[in-house]
Amino acid sequence: MDAEASQAQQQPNSESKRKGNNTGEKQHPPSILGLALPSISLFLIFNLVNLAVIKIVATLGTAEVAAVTTGSRIFFIVYAGIMGLSAGATALIAHAWGAKKPQEAALLTSLSVKLGIALSIVTSLIFMYLVPQLADVFQLTGPAKEATIDYVRFSSAFNANFAIIVLITSALRATGDGWVPLYITAFCNALFLPFCAALTYGWPLLNVPELGIRGTALGGGIAYVIGSILTWILWRRHCLQLPYQSSNLKQDWQAVKKLWHISYPAIAEQLVIQIALFLFLTVVATYSTEAFAAYGVGLGILSITIVIGAGFGVAASALVGQELGAGNPDRAIGIGYRTLFWAVLTMTIMGALTIYFATPLASFMVNDPEVIRLTAVFLFMLGISQPLMAVDFALGGALRGAGDTRFPLLSTFSGFLLTRMAVALLFKFLGLSVEWIFGALIADYIVKAVLIFYRFYSKVWLRPHMPGN
């Protein structure tokens, strides 16, 4: 890192001082719930919008619904890189913020945004080229395949804008500001759905043509463009808690290497999750269409519980990182355990409610009796796994906030691929029913929860933050 950048990290620029709202020292440390609640709301909005997009295209036909569903699966792989980079950046930014180095946090944010844009462009080009082959993997033919190709290619043009929003808002959460990211996301989605609907079906009053599935992709993309420009302007003009700092990938190469060193295991973890989900789905699909549908419906219903866990994971990551940056390892440990308490409490309650109302919830979503029965079974399996998932979310987030991104990768690989897939394939080999396949996920969550809890309890993750390291 060059001398000018180093000096900038130690001395906030004069404009930042005039604003008086982004110097790290003047901010009160956020509470766990104060950071978790807006994060949960943000993730919930994202999930609800995804469901609403399916509702928008449902009138067009099953081919378009298949296109959006398949496109979402493909984009999860593309977004894995962005989310992994975000996890690594969050750890470093939170650490710098806790150490009262706001300009270093700003520099890391700037570098993460540039890396995120580059990563999203490369992955988008790859998937735009490969989408016909990927459609074949999902066994799509005819109109469904053509609609998927259109949807993915048009949507991919805006992935860089999505990356800008995700990385800047993640950086804000790392500083303890969970509400501004929520406002930005709410604004983007307030544009997202109307634009999608208008360009999908047309708007004669404004001479907007009917573009079908391409319009759905373009409408969402335009919302991302507006949202990314707004987010960048707010940051560039020092309207956010996090100050703006320019960066140069070449001159700040040491910081880039540090960011990548923390981020690439988190990126790999996201890729492992997507690969394992795909493989598990293929096993479920070998039983029946009803089993496949039940799996999808069950995950949709449980998404509310999952976003609760994700919100507490974000809070743990940011707050643990800040406390370690401030030189308070004991407080970092305490935050991890308190976050675990809240995550287990809320997710256990939600899991119990889901089990109790499993059949009515399944009946609300679908009409097929067999799908309803299998969905209720799957919800039961997921419901009793909620406390285990809470351990993974809360303490996994704490470890990532401490910069220990490799162990969550190891636990995910061990639980998802080595345990869930091995157990599922064993049950399949023994000729057991699909209900047993659903039960394999319990073994996955047990393994991950035990590994993550032991790692946090061992305090090995604290060693790099002890004096002399």
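Glycine too: its Cβ is placed from the backbone N, Cα and C atoms.
Any TrEMBL annotation is an automated prediction that lacks curation.
For reference, TrEMBL has these:
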type     : residues : note
COMPBIAS : 1-14     : compositional bias 'Polar residues'
REGION   : 1-27     : region 'Disordered'
TRANSMEM : 32-54    : transmembrane segment
TRANSMEM : 74-94    : transmembrane segment
TRANSMEM : 106-131  : transmembrane segment
TRANSMEM : 151-172  : transmembrane segment
TRANSMEM : 179-203  : transmembrane segment
TRANSMEM : 215-235  : transmembrane segment
TRANSMEM : 267-287  : transmembrane segment
TRANSMEM : 293-320  : transmembrane segment
TRANSMEM : 340-359  : transmembrane segment
TRANSMEM : 371-395  : transmembrane segment
TRANSMEM : 407-430  : transmembrane segment
TRANSMEM : 436-457  : transmembrane segment
Could you give the residue numbers and ranges of same-chain residues that sit at least 6 residues beyond the transmembrane segment (106-131) on either side and whose C-beta is under 8 angstroms from one of its C-beta atoms? 5, 8-9, 74, 77-78, 81-82, 85-86, 88-89, 92-93, 96, 148-149, 152-153, 156-157, 159-160, 162-164, 166-168, 171, 235, 242-247, 249, 252, 255-256, 259-260
Relative to the transmembrane segment (407-430), the stretch among 151-172, 215-235, 267-287, 340-359, 436-457 with the most Cβ pairs under 8 Å is 436-457
Within the same chain, where does the transmembrane segment (436-457) have neighbours whose Cβ lies under 8 angstroms from its own Cβ atoms, ignoring anything closer than 6 residues to its ends? I mean 6 or more beyond. 280, 283-284, 287, 291, 295, 336, 374, 377-378, 381-382, 384-385, 387-389, 391-392, 395-396, 398-399, 404, 407-408, 410-412, 414-416, 418-421, 423-424, 427-428
Would you say the transmembrane segment (74-94) and the transmembrane segment (267-287) are in contact under the rule of three or more C-beta pairs closer than 8 Å, pairs 6 or more apart in sequence? yes
Can you find at least 3 Cβ pairs under 8 Å between the transmembrane segment (74-94) and the transmembrane segment (340-359), where each pair is 6 or more residues apart in sequence? no
